[in-house]
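The structure appears below as structure tokens.
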Amino acid sequence: MPDINESMLNQFRPVIRRFIDPIADRIALPADYITLTGFLVACAASAGYASGSLITGAALLAASGFIDVLDGAVARRRFRPTAFGGFLDSTLDRLSDGIIIIGITAGGFTGLLTGLLALHSGLMVSYVRARAESLGIECAVGIAERAERIIIILAGSLAGYLIHPWFMDAAIIVLAALGYFTMIQRMIYVWQRLK
């Protein structure tokens, strides 16, 4: 039985690594440069959404997500991972997450309140983990981590493009709800570890 505290995609990580690692082995570019590239592509995705194009935003978001997976593999296999590299990756991931939601909201695909709730829930998911880790507790738990959140946005984008733009709004509502649920999961996990 799967652990409710475990990321939905965690079971696929070995499969993803088998696909990504051979690509990472061919890349000589330092991981930090790849991280920065991924962030710039996320900014372009946000601009695509803001301009009213679900398909452009989604294509660039998918590319950014792929680059994000790739930078970790490059750091792990081609270069020695560094503390700053991990810090940079995490910081730019948070910026990317926020700017994507801003682009979707600016493009009119979701309401202002829904967009703000999605931003807030994403912020709290990250904050709870950072605060837990400052207490010495590894807190990479929860049903909807970053990869799951990106997939939800991509699914909403595709359905919104092919069927009706309302699906993008629905995806952001789901994103906000799962963000708060993940935050609560992490709070309970930390409470159990500290009691």
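Even glycines carry a Cβ here, placed using N, Cα and C.
If you look up Swiss-Prot, you'll see ASP93 marked as active site, proton acceptor, on the strength of similarity to another entry. The number of other CB atoms found within 10 A of the CB of ASP93 (active site, proton acceptor), across every protein chain shown, is 18.
Take the CB of ASP68 (Mg(2+) 2 binding site) and look out to 10 A: across all protein chains shown you find 23 other CB atoms. Classification of ASP68 (Mg(2+) 2 binding site) by DSSP places it within a helix. Taken from Swiss-Prot, the feature Mg(2+) 2 binding site applies to ASP68, ASP89, ASP93.
Cβ neighbours within 10 Å of ASP89 (Mg(2+) 2 binding site), excluding its own Cβ and spanning all shown chains: 22. Residues or ranges marked as Mg(2+) 1 binding site in Swiss-Prot: ASP68, ASP71, ASP89.
Residues or ranges marked as transmembrane segment by Swiss-Prot: 27-47 (among others).
Residues or ranges marked as transmembrane segment in Swiss-Prot: 54-74 (among others).
A Cβ distance under 8 Å defines the sequence-distant neighbours of the transmembrane segment (99-119), meaning residues of its chain 6+ beyond its ends; these are 42-43, 45-54, 57, 61, 153, 160, 165, 168-169, 172-173, 175-176, 179. According to Swiss-Prot, the transmembrane segment annotation covers 99-119 (among others).
Here the transmembrane segment (158-178) has Cβ contacts under 8 Å with residues 54-55, 58, 101, 104, 109-111, 114-115, 117-118, 120-122, 143-144, 148-149, 152 of the same chain, all six or more residues outside its ends. Look at Swiss-Prot and you will find 158-178 (among others) tagged as transmembrane segment, backed by sequence analysis.
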Checklist outcome for this item: Given the Mg(2+) 2 site ASP68, ASP89, ASP93, its other Cβ neighbours within 8 Å of the Cβ centroid, in chain order, are THR35, GLY38, PHE39, ASP71, GLY72, SER90, LEU92, SER96, ARG146
Checklist outcome for this item: Lying 6 or more residues past either end of the transmembrane segment (27-47) yet within Cβ distance under 8 Å of it, the residues of that chain are 56-61, 63-64, 67-68, 70-72, 74-75, 78-79, 81, 84-85, 88-89, 92, 95-96, 99-100, 102-104
Checklist entry - Rounded to an integer, what is the Cα-Cα distance in Å between ASP71 (Mg(2+) 1 binding site) and ASP89 (Mg(2+) 2 binding site)? => result 9
Next on the checklist: Return only the integer: C-alpha distance in Å from ASP93 (active site, proton acceptor) to ASP68 (Mg(2+) 2 binding site).
Outcome noted: 8
